[in-house]
Amino acid sequence: MQLPSSTKILVVGGGPAGSTAATLLAREGFEVTLVEKAIFPRYHIGESLLISVQPIIDLLGAREAVEAHGFQRKKGVLWEWGGERWLFDWKKLRYDYTFHVKREEFDEILLRNAQKNGVKVFEGIDISRLEFDGERPVAAKWSKSSTGESGTIQFEFLLDASGRAGLMATQYLRSRMFMKAFQNVATWGYWKGATIPEVEVEGPITVGSIPYGWIWGIPLRDQTMSVGLVIHQELFKEKRATQSVEEIYHEGLKASPLFQDVVLKGATLEPQIRTETDYSYISRTLAGPGFFLVGDSGAFIDPLLSSGVHLAMHSALLAAASVKSIIAGEVDMASATEFYQRCYQGHFLRWALIVASFYEVNARKETYFWTAQQLAHEELGVFNMSQADMKDVFATMVSGVVDLGDAQNAGRLQKGAERVHQYLDDDGREEDVTALLQKSKQRIFEYLDRVKNRDSRAAMQRYKAGGTETFSMGLDADGAVGGLYVTTEPRLGLLRKVVEERAEAATEAPAPAAPPPAVAEV
């Protein structure tokens, strides 16, 4: 199949963000072309999925293929953190499990699913340059190294899912902002014969802190375990002056009794050890005229809570719904891009707050690693958000994780967010962002204490009956941003909250009197 000279929608990148957005838009009847630099399957880190991806797997129609592949099921999380042990499980949620995956296999399933849904997929294609009409990208220069072919493809909409390479953010917008917090380095390898700790849940990811970092253990389906060490970049550089990467890795593992004496006892390390920087960043511009940055192209957050694929697939859903409604004339370009920008910023900030709060549990150890992870007031400037939007993030983040542990409907969610707003701003005036941040963290610490004390209602994340995160933005009427939110039924797109409110009012109004019986004509 020849790469076309033009397409309605061009998606750059075939990872979960690109394949999700492409599939959703192709199913709406649009011409979608996806180009990917690599040839799939290709290796990628980020193997532990959150439950929040499960509804999107269903939405994509990929459930059967994912289940049939036999990925290791993940029904919880085991933490040894700050000298304490916590076990999270999801027994009472709509989806009580998710997966640990080999990303080369999972990502290919999603990409082939995109092809089945009508997406034109081209692998081994490198995009070297974009052409613009004003601020709007309209064409891409491409080449295929395996054949020497090259050309130009024109498009109306660009979804940049190019990952950390960040086609738009790094080459044209130059808008990528790195956070001072979470500037870490990950080193990992794969072990045969590792032991999953014996706990009450199946296949948990195991996370353990050490004095100067933390370790993950992700069980994969072929009796292999991914085990990684995360330390601050400055310490990594310091150690590299006298130690090899392998020595740094093994020294870190030995600092954790959980991994040294339980998980890796009797296990064998495969030869290759990999290293990658985990610098967290977000683009100041995430959408604009005719373009959207999705997944890692727009933002990347510290891997502590395994949020990478979650952010990729959720941002893809937000972007696909926005593009569909623009094309259909349901929402204007400016409103849709503002909606996407604010939603993705909000999703990212919530994860940053939660990660910072977990790191702060260990801050009392007063090592450079733990103090370096703290999200300070000036750090929040990276998000380029209004104080009102930031306050909404704090309120809904805290209410979703803590205050509404038993929430099962949108009404309770809304009331919970209102209660937290009152808590954060109980004197009726705008507070300092630092104070809001600290109060949000305080509530998370209270939540962690509940988990530690085995409160039966406590869980790592709470989901509504529909399976969506309780603290998501833009994914239901109660999370509307700028009056807009995503709908997938009966068709994908953006709805205005006011429309739904009017519909509800009409439903609640007294029914009109029945008309008199018709009189038959004779």
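Glycine residues also receive a Cβ, built from the backbone N, Cα and C atoms like all the rest.
Same-site candidate for FAD binding, as annotated by Swiss-Prot with Ala17, Arg42, His44, Ile45, Ser48, Arg103, Ile127, Asp296, Val309, chosen from Glu36, Glu135: Glu36.
DSSP gives Ile45 (FAD binding site) a coil state; it is part of no helix or strand. Residue density at Ile45 (FAD binding site): 15 other Cβ atoms are found within 10 A of its Cβ, drawing on all protein chains shown.
In this structure, the binding-site residues under consideration are Ala17, Arg42, Arg103, Asp296, Ser307, and the one with the smallest number of other Cβ atoms within 10 Å of its Cβ is Arg42. In sequence order, Gly46, Asp296, Phe300, Ile301 constitute the residues six or more apart from Gly308 (chloride binding site) in its chain with CB-CB distances below 8 Å.
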